[in-house]
Amino acid sequence: MEGDRIPWAEDGIYLPERPSFTLDPAFHAGAYYVQEASSMVLEEILKQVVNLKENLLALDLCAAPGGKSTHIQSLLSDGSLLVSNEVIKTRANILAENLTKWGFPNVVITNNDPSHFDRLNVQFDVIVVDAPCSGEGLFRREPEAMNEWSPEAVKLCATRQQRILADIWPALKPGGVLIYSTCTYNSLENEENLEWLSEQLDAEGISINLNDDWGFAETETRGIKGFHAYPHKVKGEGFFIAAVRKNDGFEKKLRKQKKPMNFASKQEIGTVSQWLKEPEQFDFIKHNDLFIALPNQWKEVIHDINSNLYIISEGIDIGRLKGKKLIPNEGLAFSTALDHNQLSTFELNLEEALNYLRKENFNFEAMNNGWNLITYQGLGLGWANRIQQRVNNYYPTNWRIRISS
Ligand SMILES: C[S@@+](CC[C@H](N)C(=O)[O-])C[C@H]1O[C@@H](n2cnc3c(N)ncnc32)[C@H](O)[C@@H]1O
């Protein structure tokens with residue numbers, strides 16, 4: 001893809017026009033994510049406030065549809081773990097779809113209210129709160145959004161944001177960093193919330209400097225820096241972001257969890273791990289009949305999360321066993337941990353790939369019998385099973401594309 005670089009995001013580019021992403025199989029393969037440029041300044045803030053080379057435990061609290069989570073995952077080290085949470089169930093499912101396609105195994109997707117995180121024994125090194133807000137920064141792009149705006153709505157948003165911040169604060173480690181952002185301009189939801197964070201939660205500012213040429217407007221509230229993106233100054237839509245450090249508070253101790261995990265047997269592991277690049281990095285558990293691979297480095301933390309929160313998805317959904325044979329899940333097709341050399345792959349051209357995504361016929365004459373990873377430009381799209389002169393297309397029906405070229 002070609003376009004001007006976004007100065008504050010290494011892999012970000014401005015698209016010169018909006019193509020039909022639905023008709024690009026690479027989009028469905030999770031090769032890229034489309035989001036608003038200003039909000040990608042999160043990358044520069046993260047680089048300045050945490051050491052991204054370390055293995056961090058990160059929480060994206062208000063995560064759907066997944067713009068920040070996909071971006072954060074690409075920035076964290078391979079040994080880090082991201083918990084990506086969304087309180088609204090339908091939105092959490094969209095988040096899960098996007099993160100499954102993104103393909104990183106070190107992720108747990110939860111569907112909880114911020115107050116539930118207090119049940120955890122673990123605390124996070126970094127928490128991102130991309131808060132629900134009055135959305136003034138979107139008015140230029142979506143003028144209808146103005147109809148929902150009122151001074152009362154702004155006040156309600158600010159109160160809700162404070163409640164979210166207060167609820168999640170105990171889940172942050174002492175010394176940890178909380179990044180707060182909105183896509184609105186008013187001070188009630190931005191600077192006044194920073195003042196509230198400082199007064200009520202004793203949050204402290206962190207030294208952050210953005211390149212003046214980028215055009216972000218810096219504000220400072222009780223030593224806490226915030227940055228506004230105003231569309232006439234920054235090449236992007238309206239956005240606000242700030243970061244604070246938690247200095248006091250107590251550190252929780254990770255306790256053994258009572259809720260048992262259902263680990264796979266040695267024999268089952270032999271089958272379900274056969275296509276992974278480094279199976280020794282994972283624990284294999286069974287959830288109902290679905291086998292899941294979890295990064296074993298985070299075993300206790302994941303156990304704690306499983307015992308206390310509502311999980312939508314975690315690690316890699318590998319698949320189910322039918323007798324001794326693996327029926328692979330779509331989660332495995334997208335996973336960066338999948339070893340394409342260990343299995344039969346079948347590459348499709350653009351037209352064929354779109355037909356596969358529509359669950360329509362495509363030419364499979366050259367396909368091997370048995371399970372095949374369907375690829376487009378080498379990227380995993382999903383699974384197909386050839387049985388002699390028939391092919392079963394395992395692309396999830398609810399992800400099927402419904403428009404014609
Ligand atoms: C600005 S959006 C998040 C966008 C997302 N971070 C991204 O980059 O794709 C705010 C999210 O907060 C969620 N939300 C709404 N009310 C909430 C609450 N009371 N607590 C936590 N999250 C809430 C919304 O459902 C929405 O998904």
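Even glycines carry a Cβ here, placed using N, Cα and C.
As recorded in TrEMBL, the features of this protein are as follows:
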{"type": "ACT_SITE", "residues": "CYS183", "note": "active site, nucleophile"}
{"type": "BINDING", "residues": "CYS62, ALA63, ALA64, PRO65, GLY66, GLY67, LYS68, GLU86, ASP113, ASP130", "note": "S-adenosyl-L-methionine binding site"}
{"type": "DOMAIN", "residues": "1-247", "note": "domain 'SAM-dependent MTase RsmB/NOP-type'"}
Max CA-CA distance, Å, over listed S-adenosyl-L-methionine-binding residues CYS62, ALA63, ALA64, PRO65, GLY66, GLY67, LYS68, GLU86, ASP113, ASP130: 20
Neighbour tally for LYS68 (S-adenosyl-L-methionine binding site), based on other Cβ positions within 10 Å of its Cβ: 24
Other CB atoms within 10 A, centred on ASP113 (S-adenosyl-L-methionine binding site): 12
Cα separation, the residue listed as 'active site, nucleophile' to GLY66 (S-adenosyl-L-methionine binding site) (Å, whole number): 15
The domain 'SAM-dependent MTase RsmB/NOP-type' (1-247) [mean pLDDT, rounded to integer]: 97
GLY66 (S-adenosyl-L-methionine binding site) CB neighbourhood, other CB atoms within 10 A: 26
Pairwise Cα distance for LYS68 (S-adenosyl-L-methionine binding site)/the residue listed as 'active site, nucleophile' [Å, integer]: 13
Local backbone state of LYS68 (S-adenosyl-L-methionine binding site), from DSSP in three classes: helix
Lowest local Cβ density (other Cβ within 10 Å) among recorded positions: CYS62, ALA64, CYS183: CYS62
Between CYS183 (active site, nucleophile) and ASP113 (S-adenosyl-L-methionine binding site), the C-alpha gap once rounded to whole angstrom: 21
